[in-house]
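Asks: Here's a structure for you.
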Amino acid sequence: MAGAAGPGTGPGAAGGDGDDSLYPIAVLIDELRNEDVQLRLNSIKKLSTIALALGVERTRTELLPFLTDTIYDEDEVLLALAEQLGNFTGLVGGPDFAHCLLPPLESLATVEETVVRDKAVESLRQISQEHTPVALEAHFVPLVKRLASGDWFTSRTSACGLFSVCYPRASNAVKAEIRQHFRSLCSDDTPMVRRAAASKLGEFAKVLELDSVKSEIVPLFTNLASDEQDSVRLLAVEACVSIAQLLSQDDLEVLVMPTLRQAAEDKSWRVRYMVADKFSELQKAVGPKITLNDLIPAFQNLLKDCEAEVRAAAAHKVKELCENLPIEGRETIIMNQVLPYIKELVSDTNQHVKSALASVIMGLSTILGKENTIEHLLPLFLAQLKDECPEVRLNIISNLDCVNEVIGIRQLSQSLLPAIVELAEDAKWRVRLAIIEYMPLLAGQLGVEFFDEKLNSLCMAWLVDHVYAIREAATNNLMKLVQKFGTEWAQNTIVPKVLVMADDPNYLHRMTTLFCINALSEACGQEITTKQMLPIVLKMAGDQVANVRFNVAKSLQKIGPILDNDALQVEVKPVLQKLGQDQDMDVKYFAQEAISAVAQRLRKLDFPVKGSEEPSAPGADKNHFLRPRGPGEDTGKGPAHQLHVNTRDTLAQLGTAELVHFSRSRD
């Protein structure tokens, strides 16, 4: 491997003298030089183990220099190394020797791959906290200076992330040097360096003295916010939030707001997008007075921006903007200065903008109150419910509870239902699936009478949808509705309609009946299950389609714990007995699965084959299971066995099934 130490120069070189204690580091060196990347990666991940074996002294004097000299490898190996070294302080002797970790991390902070540099900087920041103030100035600050004045942009970008961690504990003279280096990086010739400096500007400002913020950071912010590269300017917007939190209202107005106004009208949509995305943070940072005078007009411009991405980002912030306005006069400001622009967005040409607005607009109802909601917001809600974009309609429906708290769902019902029906019948099955998920919520808001009148038929129609995922979701939906409206409602409204499907010509719909019974039985209870559902399940055991028959067996297994003993013995027993002799292998298998499950509840029930009623042997009860008999096996004695049918067994083999008795437990 290029860059590796030559023979006799590494920490394991003494291994040739017979010192076995050097063997672990020799293995490490061998693996670090191996052509297999995975081996090298594994060796790096074992560094802590190797360091423990070597001890702190040899780790400092042999291992770390070796690593520093051999840093030239695949990015994933270097990334693992940078991560390991961040937790190495205890392995080199504690905080007093933390500076020993700086050389390899300094090298890693200069590599070309960004993720490696970032991880090295993260580890350096972590180690800096373990330095004493003296050690910090003696070792860490010089490292930062070297990186900041490096020939390659990679080292200078890494330096940007280290200023804020060393500045607070440095002496005044050193602080001045640190600020000077940061100023140099903010005006670096390379855009990548200026971008890195801009991203750390706010973080650095937080650790500076207020005078330094005004005299040095603000001019840097102004310059970066007017940089020729939009990637630098947009990061300056992010720094604006941190800087604004440090300054008084008067200083803000003079030092920051002119630059922020300029950013809100920047020629690059990316910069305007960043202003919109950070608008809530900016609003909190600058305070209510500047918000009313400067930010509201800027927000209006963002809401009508020529770029859809900017309008969408601003639309996402509508609710937060309104919530953060001072309560006194808030309603007037919203009605006069925000709502007119919202009305325009409702009919925007871009679906992402409309979808973003729909996700937050319902929240305005709690801010504006009932009268304003009915008069001004309700027409907007209804317009979005009729929008051609399904995502817009779904965002409105999913937030209906906000409006329900203010005006009640009845106000929306006449226009709401057509939109729901349209969604429920949408050509895209994922849209239909999404509206099913909101049905229990709507049911709770509408009430049982309104639901029965308007939406019940819709829920039943989903049960016969041609997409299985819809039928499955509709089944679960029924269970949730029963839990919400009660068993009496289920008995009178849902169960009869479900059971009618048992005679449907389409076997998939007949199977849906069984799935519904499985889901509803627990919610409906024993009485409804026994009297209304069980007869239908038993009747379907004679279905011509094998898929239906083995689902009957699965349903009987599912509802078995709900039924009483008499129903199991008189009604379920003959059906499972018959299914156990079915010609289809899968039906036989699931019938035996059901027999096994039911037998755990009915310990004294027998399941004879072919109706035979042979007397039980003395000392045995009448618990019987079907299973193939082995050669020479005594069927009158022995433990119970559950039948596991191999679908490849021949009918002749299955025909040899015999009775096996449980041993009776004696007192």
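Cβ from N, Cα, C; glycine included.
Sharing the record's features from TrEMBL:
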{"type": "REPEAT", "residues": "24-62", "note": "repeat 'HEAT'"}
{"type": "REPEAT", "residues": "101-139", "note": "repeat 'HEAT'"}
{"type": "REPEAT", "residues": "178-216", "note": "repeat 'HEAT'"}
{"type": "REPEAT", "residues": "217-253", "note": "repeat 'HEAT'"}
{"type": "DOMAIN", "residues": "245-476", "note": "domain 'TOG'"}
{"type": "REPEAT", "residues": "256-294", "note": "repeat 'HEAT'"}
{"type": "REPEAT", "residues": "295-332", "note": "repeat 'HEAT'"}
{"type": "REPEAT", "residues": "338-376", "note": "repeat 'HEAT'"}
{"type": "REPEAT", "residues": "377-415", "note": "repeat 'HEAT'"}
{"type": "REPEAT", "residues": "416-454", "note": "repeat 'HEAT'"}
{"type": "REPEAT", "residues": "494-532", "note": "repeat 'HEAT'"}
{"type": "REPEAT", "residues": "533-571", "note": "repeat 'HEAT'"}
{"type": "REPEAT", "residues": "572-607", "note": "repeat 'HEAT'"}
{"type": "REGION", "residues": "609-642", "note": "region 'Disordered'"}
Asks: Do you know the mean pLDDT across the repeat 'HEAT' (101-139)?
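Replies: Averaged over the repeat 'HEAT' (101-139), the predicted model reaches a pLDDT of 85.
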Asks: What is the number of residues in the repeat 'HEAT' (416-454) that are helix, strand and coil, as DSSP sees it?
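Replies: Tallying H, G and I as helix, E and B as strand, the rest coil: 34 helix, 0 strand, 5 coil.
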Asks: Count the residues of the repeat 'HEAT' (295-332) that DSSP assigns to helix (H, G, I), to strand (E, B) and to coil, and report the three numbers in that order.
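Replies: For the repeat 'HEAT' (295-332), the helix, strand and coil counts are 28 helix, 0 strand, 10 coil.
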